[in-house]
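The domain 'tr-type G' feature in Swiss-Prot is assigned to 2-217. Residues or ranges marked as GTP binding site in Swiss-Prot (evidence: similarity to another entry): 11-18, 88-92, 143-146. Swiss-Prot lists 88-91 with the feature region 'G3'. Under the heading region 'G4', Swiss-Prot lists 143-146, citing similarity to another entry as support. The ATP binding site annotation in Swiss-Prot covers GLY450, LEU451, SER452, GLY453, SER454, GLY455, LYS456, SER457, and the record cites sequence analysis as its basis. The feature region 'Disordered' is assigned by Swiss-Prot to 578-597.
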Amino acid sequence: MTTLLRLATAGSVDDGKSTLIGRLLYDSKAVMEDQWASVEQTSKDRGHDYTDLALVTDGLRAEREQGITIDVAYRYFATPKRKFIIADTPGHIQYTRNMVTGASTAQLVIVLVDARHGLLEQSRRHAFLASLLGIRHLVLAVNKMDLLGWDQEKFDAIRDEFHAFAARLDVQDVTSIPISALHGDNVVTKSDQTPWYEGPSLLSHLEDVYIAGDRNMVDVRFPVQYVIRPHTLEHQDHRSYAGTVASGVMRSGDEVVVLPIGKTTRITAIDGPNGPVAEAFPPMAVSVRLADDIDISRGDMIARTHNQPRITQEFDATVCWMADNAVLEPGRDYVVKHTTRTVRARIAGLDYRLDVNTLHRDKTATALKLNELGRVSLRTQVPLLLDEYTRNASTGSFILIDPDTNGTVAAGMVLRDVSARTPSPNTVRHRSLVTAQDRPPRGKTVWFTGLSGSGKSSVAMLVERKLLEKGISAYVLDGDNLRHGLNADLGFSMADRAENLRRLSHVATLLADCGHLVLVPAISPLAEHRALARKVHADAGIDFFEVFCDTPLQDCERRDPKGLYAKARAGEITHFTGIDSPYQRPKNPDLRLTPDRSIDEQAQEVIDLLESSS
């Protein structure tokens with residue numbers, strides 16, 4: 001079976017990108033007779049004594065009138081070895097955003113350089129953009145070598161300069177080829193003009209370049225696009241989740257987790273356009289059926305239980321600014337489109353602007369203008385499910401949309417989570433002399449979430465007493481109590497709350513590992529906080545139960561056992577959940593407690609949940 005290679009051309013204006021594509025299409029017999037006749041006639045009308053191959057792809061009237069490429073032109077052609085989709089991108093600096101669009105799906109980029117001019121700023125810019133976009137294969141095509149008499153020294157100088165620049169980028173595969181796109185030398189077949197060049201022709205290289213290893217087949221990521229419920233007599237119980245596999249391989253029977261809620265289940269069936277399939281991999285569009293009835297909607301994601309994306313509202317990214325009449329400034333609000341999820345976001349900060357020529361980081365920059373690149377920090381209103389772009393381009397890329405004009409203003413690539421705390425490589429775990437068999441059975445963690453005053457601590461303490469009366473070792477690990485010691489250094493910003501709950505989660509797993517049944521009353525207002533707690537327990541092999549104390553805000557405020565609501569309403573305290581800080585209701589808690597039942601009844605419901613899971 002022939003494989004498909006997506007490629008794009010890049011480089012400065014008039015370097016010959018459109019001519020090169022025209023040559024590839026013509027020599028591979030991919031130009032229709034009537035189209036070729038039109039190109040020949042237009043060339044004659046302009047007084048050329050040759051056929052202008054650039055006209056094959058320059059389809060807009062403005063392009064033909066000016067002899068330049070403005071929009072991105074996509075063309076398809078094939079050889080016996082491989083199929084190709086090629087994007088002809090513009091070279092003018094004001095159309096850099098178009099180049100980003102054209103190259104965003106490419107697996108290989110051909111960077112054309114006019115041999116007479118050498119490397120120009122725009123050529124460097126495009127090569128750098130290609131590396132940012134995660135493109136692993138670059139071809140340096142030094143064009144118009146015929147105008148320099150096929151000077152080997154000139155070619156070697158340009159090649160060495162480009163390779164020195166590429167060495168500073170994250171690109172491993174760079175191939176340099178001397179060509180003449182107009183005359184076809186070294187484009188489809190090797191040329192007699194370059195006996196000193198021992199490499200392949202351009203087309204031969206495109207046919208043979210290895211791309212099978214570029215796809216991420218390890219990290220299962222399935223963003224849900226649509227929930228299928230036929231509502232017919234024949235399929236009245238059918239529920240499946242449609243989308244495109246972003247990465248990894250899914251098979252029927254696999255254990256998976258639904259994010260951001262963190263529920264685990266199994267795949268029972270996978271359906272493709274023509275019926276059931278044994279497995280699904282990128283870029284297949286399929287629908288997935290699960291063993292359990294879970295509340296899943298567009299924007300959620302299915303992943304492996306022990307291989308999950310980062311769930312966060314705060315992240316750093318490299319962005320390319322594309323707006324003509326606006327600039328990117330910290331504090332501005334935008335819409336983020338990421339996989340199948342669309343959320344509001346704010347630019348929390350601009351770390352630096354990047355000079356693509358020198359790769360210098362200008363930390364004094366206060367804004368990004370058209371075609372400029374920089375590193376920014378973003379905060380979204382609801383969590384996103386992210387991977388680092390270099391690891392997974394599908395879940396590591398996004399666009400920014402202006403909410404006023406609905407126009408795309410930036411393309412972004414998610415960077416590594418530098419805030420994530422990882423142990424030093426010099427820190428080694430100590431193995432206990434006591435084995436798991438010597439200890440009491442592992443305990444469990446019950447995580448109580450809800451607004452302040454919803455009854456979390458009251459129910460948890462009553463459950464603790466009832467369990468101790470039954471001879472079961474139970475302990476209430478109260479988040480407020482930890483703030484008097486271990487977490488005394490933390491405030492109530494979202495970042496500090498996330499760290500507070502991270503520490504709380506790890507302490508809970510240690511207690512549960514000793515055989516205690518741990519009861520954790522903690523507001524944990526965001527879904528990402530609760531998902532993090534569940535993940536920490538899953539990684540430690542500890543059973544985790546989420547209990548939602550579903551007490552309405554007005555009831556909590558009426559109770560106000562600590563007087564905090566009154567202080568929040570008076571403006572004496574800020575970042576108070578339910579007043580000036582959000583609370584995201586759990587979609588699928590393991591247990592929902594409502595105030596229409598007494599505290600004693602609620603405590604018994606929790607105990608019943610634990611006993612049913614034993």
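Just so you know, the numbers here start at 1 and follow the chain as drawn.
Positions of Cβ are set from backbone N, Cα and C atoms, glycine also.
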Report summary line: Least crowded of the binding-site residues MET145, LEU451, counting other Cβ atoms within 10 Å of each Cβ, is LEU451
Requested in this report: Measuring Cα to Cα, tell me the gap between SER452 (ATP binding site) and GLY11 (GTP binding site) in whole angstrom.
Outcome: 58
Query raised in the report: What's the CA-CA gap between MET145 (GTP binding site) and GLY450 (ATP binding site) in angstrom, rounded?
Result: 70
Report task. Enumerate the residues of the same chain, GLY450, LEU451, SER452, GLY453, SER454, GLY455, LYS456, SER457 excluded, that satisfy the criterion Cβ within 8 A of the mean position of the Cβ atoms of the recorded ATP site; list them in sequence order. Result -> PHE448, PRO521, ILE523, CYS549, THR551, CYS556
Report task. With H, G and I counted as helix, E and B as strand and the rest as coil, say where DSSP puts GLY11 (GTP binding site). Result -> strand
**Report entry** Nearest-integer angstrom distance between the alpha carbons (Cα) of GLY450 (ATP binding site) and GLY11 (GTP binding site)
**Finding:** 56
Report task. Find the shortest Cα-Cα separation between LEU451 (ATP binding site) and the binding-site residues GLY11, ASP14, LYS17, and name the residue that gives it. Result -> GLY11
Report summary line: DSSP tally for the region 'G4' (143-146), helix/strand/coil in that order, comes to 2 helix, 1 strand, 1 coil
Report task. For SER454 (ATP binding site), list the number of other Cβ atoms lying within 10 Å of its Cβ atom. Result -> 26
Report summary line: LYS17 (GTP binding site) sits from GLY455 (ATP binding site) (Cα to Cα, rounded, in Å) at a distance of 68
Report task. Restricting to the domain 'tr-type G' (2-217), report the mean pLDDT as a whole number. Result -> 78
Requested in this report: Could you measure between LYS17 (GTP binding site) and LYS456 (ATP binding site) for me? Cα positions, answer in whole angstrom.
Outcome: 65
Query raised in the report: At the level of the C-alpha atoms, what whole-angstrom distance separates ASP14 (GTP binding site) and LYS456 (ATP binding site)?
Result: 68
**Report entry** GLY11 (GTP binding site) and SER457 (ATP binding site), distance between Cα atoms, whole Å
**Finding:** 63
Report summary line: Across GLY11, GLY450, GLY453, listed as binding-site residues, the smallest other-CB tally within 10 A is for GLY453
